[in-house]
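I have placed the structure first, in the form of structure tokens, so that the comments after it can refer back to it.
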């Protein structure tokens with residue numbers, strides 16, 4: 001050992017150990033890959049392809065139906081009896097039914113004036129209209145502001161009631177349920193619900209109530225949402241594309257074929273008798289609106305969607321608010337499916353094909369499969385096949401089917417078709433949270449009943465005056481508050497897969513993977529939407 005310095009021996013020793021460990025890991029990988037990894041990953045590919053075909057068939061079916069509806073279907077006022085309500089000097093207002101307008105609120109500092117003002121401006125006899133502001137706010141300042149606004153309208157002769165509760169049991173469902181128990185509501189035949197940021201036009205009731213008056217089998221009339229801030233940022237444009245497809249296609253198809261669709265929670269008119277017959281509002285899930293709609297439908301009630309009747313509203317413009325909203329909208333339906341699937345199967349009032357539509361199309365494919373296949377296939381399985389080239393993915397499954405589905409989804413918002421590519425990448429990012437939420441709902445895990453009110457900033461054109469107190473900060477200075485570790489983790493995973501495919505692959509998936517990596521990375525850093533510090 002004379003003349004040999006330890007500093008030259010130790011690095012070689014570590015190098016040898018490192019090479020030995022790497023060699024052992026490589027050997028274990030080769031031993032496990034063929035008998036275990038390859039079959040499991042190939043099975044995952046087949047399952048994802050099956051889900052893709054299911055989603056494609058659903059989209060094609062709805063595409064065909066919506067074309068037939070637009071070309072040959074009669075308009076709602078031709079399919080159902082509709083007679084406008086005319087003012088009569090002799091009868092006065094007695095030919096108008098008594099209507100209740102409910103406006104649930106929770107700390108709506110920026111938008112509370114919008115819905116209250118719009119509701120008070122509805123063209124309806126004042127003695128036949130009751131406006132009920134259900135304020136669950138926990139901020140005393142906001143509560144005082146809302147109460148003062150109600151008093152201001154009451155001084156003008158509007159029949160407006162300001163209601164508060166001692167607790168927030170049941171959240172929105174609890175507030176709506178409590179509101180219907182008030183003594184002054186017993187004379188009301190119909191109830192209209194508007195969230196705090198919704199602004200109905202003055203003729204809203206005159207265009208919708210006659211359908212309920214002259215068609216006793218209709219329980220719900222749903223209006224379409226229109227968005228005052230869709231051009232605020234890229235996040236709101238992406239939301240507009242998804243929601244426009246929902247209203248233009250999904251709601252229209254459900255209304256035209258089975259007289260069933262999910263109540264959207266706002267901008268809808270219910271027959272109070274139908275609510276009571278269905279068991280009233282329930283707070284067992286975070287989608288009390290869908291829960292009531294399914295229960296009412298199982299009792300034979302019909303629903304009508306009016307695409308021409310539009311109500312202005314606001315989209316969440318912060319990524320944090322949007323994520324909470326999507327968690328609720330994804331977790332709630334999955335949880336409701338778990339609770340009601342057997343009740344739907346056993347129901348004897350609803351025909352067989354309507355049961356199939358509700359269970360398979362409405363719940364299983366749209367609320368569960370659509371999220372799972374988007375995330376599992378395009379964000380997990382497809383990248384993993386790059387690391388295991390023995391697993392093959394047919395081009396019709398990886399390219400053709402998603403392309404067709406994307407094109408069919410684009411019909412709702414033609415003006416944003418140039419953003420279609422960005423929308424795909426963004427939807428893949430959001431599928432991570434939606435998949436997680438559906439699993440939480442199906443297994444009724446910890447956050448299954450988490451209710452976070454979607455924060456609105458009053459950022460639409462008609463609400464600019466309400467945003468003076470909002471400070472928007474440059475994005476780069478607030479990174480610690482905006483980091484989303486889940487997205488950043490998937491960005492790293494997809495980047496590794498993309499680099500491996502760039503060096504060793506033959507399918508050129510790295511182009512998609514690098515673009516998807518950027519989308520996850522941007523979302524992970526919170527560089528999307530507007531930013532308002534908490």
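Including glycine, each Cβ sits where the backbone N, Cα and C put it.
Looking at 15-35, 36-56, the range annotated in Swiss-Prot as transmembrane segment turns out to be 36-56. Spacing of residue 197 (substrate binding site) relative to residue 136 (active site) is 15 Å (Cα to Cα, whole number).
It is 483-503 that, among the stretches 36-56, 404-426, 483-503, forms the most Cβ pairs under 8 Å with the transmembrane segment (509-529). Around the Cβ of residue 289 (active site), a 10 Å sphere holds 24 further Cβ atoms from the protein chains shown. Counting only the Cα atoms, the space from residue 136 (active site) to residue 289 (active site) is about 18 angstrom. Remark: residue 195 (substrate binding site) has 103, 104, 115, 265, 266, 313 as non-local neighbours, by Cβ distance under 8 Å and separation of at least 6 in sequence. DSSP classifies residue 136 (active site) as coil under the three-state reduction. Residue 136 (active site) counts 23 other C-beta atoms within 10 Å of its own C-beta, drawing on all protein chains shown. Non-local neighbours of the transmembrane segment (483-503) in the same chain are 379, 383-384, 386-387, 429, 432-433, 509-510, 513-514, 516-518, 520-521, 523-526; each lies 6+ residues outside the stretch with a CB under 8 Å from one of its CB atoms.
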